[in-house]
Structures are given as structure tokens and as C-alpha cells.
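Below is one structure, written out as C-alpha cells, with a few remarks after it.
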Amino acid sequence: MSRTLTPLLDRICLPQDLRALPESDLVRLADELRTETIDAVSVTGGHLGAGLGVVELTVALHYVFNTPEDRIIWDVGHQTYPHKILTGRRDRIRTLRQEGGLSGFTKRSESVYDPFGAGHSSTSISAGLGMTVASALKAEKRRNIIAVIGDGAMSAGMAYEAMNNAGALDARLIVILNDNDMSIAPPTGAMSAHLARLVSRPAYRSLRERIKMFSKKMPKFFLDKARRSEEFARGFLVGGTLFDELGFYYVGPIDGHNLKHLLPVLKNVREYPNGPVLVHVVTHKGKGYAPAEASSDKYHGVNSFDVVTGKQIKTQSNALAYTKVFSKALIEEATHDNKIVGITAAMPTGTGLDAFAEKFPERMFDVGIAEQHAVTFAAGMACEGYKPFVAIYSTFLQRAYDQVIHDVSIQKLPVRFAIDRAGFVGADGATHAGSFDIVFLATLPEFVVMAPSDEVELMHMVRTAAAYDQGPISFRYPRGEGVGMDLPQRGELLEIGKGRVLREGSRVALVCFGTRMSEVLVAADALIAEGLSTTVADARFAKPLDKDLMRRLACEHEVLVAVEEGAIGGFGAHLLQFLAKEGLLEHGLKVRTLKFPDEYLNHGSPEKVLSRIGLDAVGIVNTVFTALGREIRTVQKVRV
């Protein structure tokens, strides 16, 4: 099917081209931009709903503000595809989230129009405030700094910390609150739009400031009463009292899809001489594309799809996804133990806890985008004898590391961490890769750190975690499907700190921590075919390490290779430290560790990226051959 014509958009290379258009053309431009966004994401997949919800806002911001001199900071970044199209990247928009292509988020190295990188939520106001203060210190001519943040991201404490600081500094910062769930705003309409225009006008604010200066000369009781009266009157009509208390001048709510409402308000706040202002904009995810508007998740994250029908093109599943295996196992354990509760930070579907919530609604807690709170909330429940499972992506657990140490680990509280999206995640790239959890958890005293080699082992670890009450315990698992194992009704209890041997050999030992085991087994077959007797061991635990097993592997083999899908400093580092302490590196043992390189891994196909860094069967065999001084030309035979 041919693409829809976009004659206005075809004239836009950069925002200065947009600003050359008359305002009367902007509605049509927004329609074309929405069409182009839908068509591009239908090819690549990605985050569609959020971007469709801010098309008019994106056009208005680049029209009113002098980007890139003025800075627009997008929180999270899911909504930035229209922004990328308008800022010189339309010719590459169909490479979104592909290896070597555009990032799915804002990225400083990608464009001058991306002043701050994103991926995790609730950072935009802090970054914007930092830029505002830096600009003032440099005595630059007045520059507008605009932070665009969603109402979901406003559930994180960091956003309020930044607003509190901005209010205290009286910094000249513009915050656009993109309320796309109607969780804050009352219904919008002509009266609301009129009031927003009225209170955003410089004359109104100037009068307000003069009254404030005059009132400071009056007695305190008069000042307090006047302030409360003004807040009541304006808050009653247009809301915003909370933001007023934080020191922000509040404007809104206004219809974020109506350019006649957006443009005058943005022009007014652009001219404010000082102080922080918050513009409350109401939008709708998936706006303008019927399949997205009708979908329960508003097409938040989609595969490639048919533009006409909206039907997503999904690959055939060969096995149950690890997330679903975790969900199944947790539900099974919860039927046996009414002390088990599930906790997630705004990711019930992504972590599989939505199914748990259907079965046990009173034992499921979604705390919003508040990972720090989630962990300490779990700690509090553990204090009272409950068994909390904090289901969280590896990348987001980083946000709560102090709570993991201070509130859980030091107190030896039995909080269970189900760490999803561990390892390389593919299209979401460096900001979402689960690279560091092994490293930052295994360094904590008496913290049990597990990783399953397949989906059956994951079920065993869920049961083991449920039964473990001596302190914190974690297990990590990747995005995507398992290997197709037949699943038992319920997992088995594992002995803490004990691995297992899958194959016995005599010359080469391959020990794997996690789901790279499928590649390890293929590599073992290839090594055996080359005449190298190979042992395969499943570590199961990075901490406590199975010292007896590791000692035996070191003493009985010429080559020992440790394999994990994580950063430097993880399982392999702990193994090497143990071997060094035991003096097992002094008698000719050739030890190699395969893990992520010392770099942030960008978006791309997991198969291709993991192959490039040597974490596939070919890389494992190459590592063994290199250790033995063998030629590696025959290795390509072992392609999976």
C-alpha cells in the first residue's frame, strides 16, 4: 500500500522550517505528522500511543520556542517519535530501535535537539533545573528550558524533589505536565481554555506580583488570608494549588490537541521574566488512530502492524515466556501460602503480576513509578511476617539501590526480588539493558543471588525464594521465551548455594550462570565433536557460590570458562576471587570469563549483539580454542 501524501511535512527538515509556516497550516501539519508517525512505527514497532498523544504539543513547542537554542527535555522518551521527525531525522525514522538506527528515546549523541538523554522516568525537571541554573551562572541571554513530563512520571518522588528545589530557587523553568490518563485533570473545555489564557497573560501575572509586593508590607494575618483567597479562587476555577505550594505558577488545564488553545498559552509563558511555571495539558494516548484509541493499553508498545487494521505482526511463539513462567509459579506458591504478596512499580503487565492480581487482588500492590518506595514498602511488609515478591525490571531496580542496601540487606529482611528483563533486552538499548544486577547485588553481604538456566529452574527458584526467610534473595531472568521445557505443576526446593552438573567431561569445564545455558550446551557439543571432553555445570547461585563444585571444576580440568549475561564484576569475578583465594590459579589452570564488555550496549537484535560480544556458542568455542592455542577456523560449524 502506498504512503499517504504529506506535502506540508515534506517541507519541514528542521524546526526553523516549521516556524516559517503560518499558524493556519499547523493543524494540517499535525495531521500529516501523525500519519507519518503511524506509518513509521508500523514498520519498526515501538512506542506508538504516547507519541500520537503529543503530536499537537510537539508542533506547538517547536513553533513557539526557538529550538535548539531553547531546550525541550522529554521525560522518559516514549513520546518523542514526532519530535524526531521534525528535527532532521525523518529520513531515518524507519530505523527506529534497529541496530545502527535511531534510538527509541532521546539521545544527546544523536541530535542537538535532544539536550538530555532519556529512558527512565521522572528525570526531566531535575535536568531542566540544572540547565536553567547553569545558564544563569554563565550569564547567557535568556534561554527557555522546557521539561515535558507525564502524569504517570509525576508519581515518582524525584519529580517533586526537583519542583521543590525549583520553587525555592525561583528558577525560570517551564514544566509541561502532559496529563494523558485524566488522573489529575478535571474535564477541559472552552471555560478552562479561556481561564488558562487569562491567567497566563503577562498582565495578570504582573498584577499578581505587584499585589504580592504590596501585601508584604501588610500584617502577616492579612498576607496569609490574601494568599489563601487567591489560591482558592484560582484553584477552584483551574486547579493547581499543589503546584502553587511548590512555588510554581500554575496554568491549565488546557486541551493538548487544540492548537488554538496551546499556542497562546505557550507564547504567554515564553515571555515570563522569572520564576517556575507549570502548564497542565490534557492529552489522549493513541489520539487520531482508531485501533490505538480502542486498545486497553493505547498501543503503548507494539510490534510492527498493519496500518489499516491495526493488527500486530507477531512471531510464532515456540515456548512460554519467562515472565509468564514466573507468574505461573508465583500464583502456584501463593495458593499454598497466604503470606505471599506481589509488588510492582507501575509494571503489572510487563512483570506478569497482572495475572497474579486477577487471582489475588487483595495481595497485589502496584505502587506506581516509585521503585524506592516499592522496596522499602516490601521491607515493611517483611517486618510483619509477609513474603513480598518485588517484581521489577533489572534496569529499574538500579533506582532503588540505597533502599536495597539500607532498608532490606542490612536488616536481613526476607524480601524476594524477581528481576525481569535481565541481560540484553534488544530494541530498548542501553537505558533498559539489565546489565548490572548481578554485580550490585552479589557484592552485598549474605544476599542470595540466583539465576535459572531454563524455565523449569525458574519455577524451582520461585519456590525456593518463597521458602527462604533468612534474608533477601533474588533471581533474574531475561525477556523473551524459554527453551520449551515441560513445566511441572510446582517447582522444587533448591539447596541454597548448590549448583549442578549437566554433563561430565575431563578437559574443558563450562560453567554457566543463567539462561545462556542453551548456547553453552551447543558449544559443548561442538567441543566434544572436536575431541575435547567437556563438563557443563549450572551454577544456579552467584552468591553463595558453590565452592565445592567450583573447586572440583578447577582441579579436574585444563580450561574453565564462566559464562553470564551481565557486566564485568559479576559471577565470573566472584569465581576468580574464590579461585585466587584457594590458590587454584597457580597450577596452569586456564580460566576465562565471558560477560558483557566494558561498554553500554546499544539497541539491536539480541542474537546479533550477543554474537558480536562472544556470548553465543561460537564465541564460547572460540574462547576455549584460544585458551588451548588452537586454530579457530572450524568453529563456524557450530552455528545454532
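Cβ atoms here come from the backbone N, Cα and C positions, even for glycine.
Thiamine diphosphate binding, as stated in Swiss-Prot, involves Gly119, His120, Ser121, Gly152, Ala153, Asn180, Tyr289, Glu371; the candidate among His62, His78, His83, His336 given for that site is His78. Using CA atoms as reference points, the binding-site residues His78, His120, Asn180, Glu371 were checked against Asp151 (Mg(2+) binding site), and the closest is Asn180. Residues His78, Gly119, His120, Ser121, Gly152, Ala153, Asn180, Tyr289, Glu371 are listed as the thiamine diphosphate binders, and the farthest two of them sit 32 Å apart at their Cα atoms. Considering only the binding-site residues His78, His120, the Cβ with the fewest other Cβ atoms within 10 Å is that of His120. Counting other Cβ atoms within 10 Å of each Cβ, the binding-site residues Asp151, Glu371 show the lowest value at Asp151. Around the Cβ of Asn180 (thiamine diphosphate binding site), the number of neighbouring Cβ atoms within 10 Å comes to 24.
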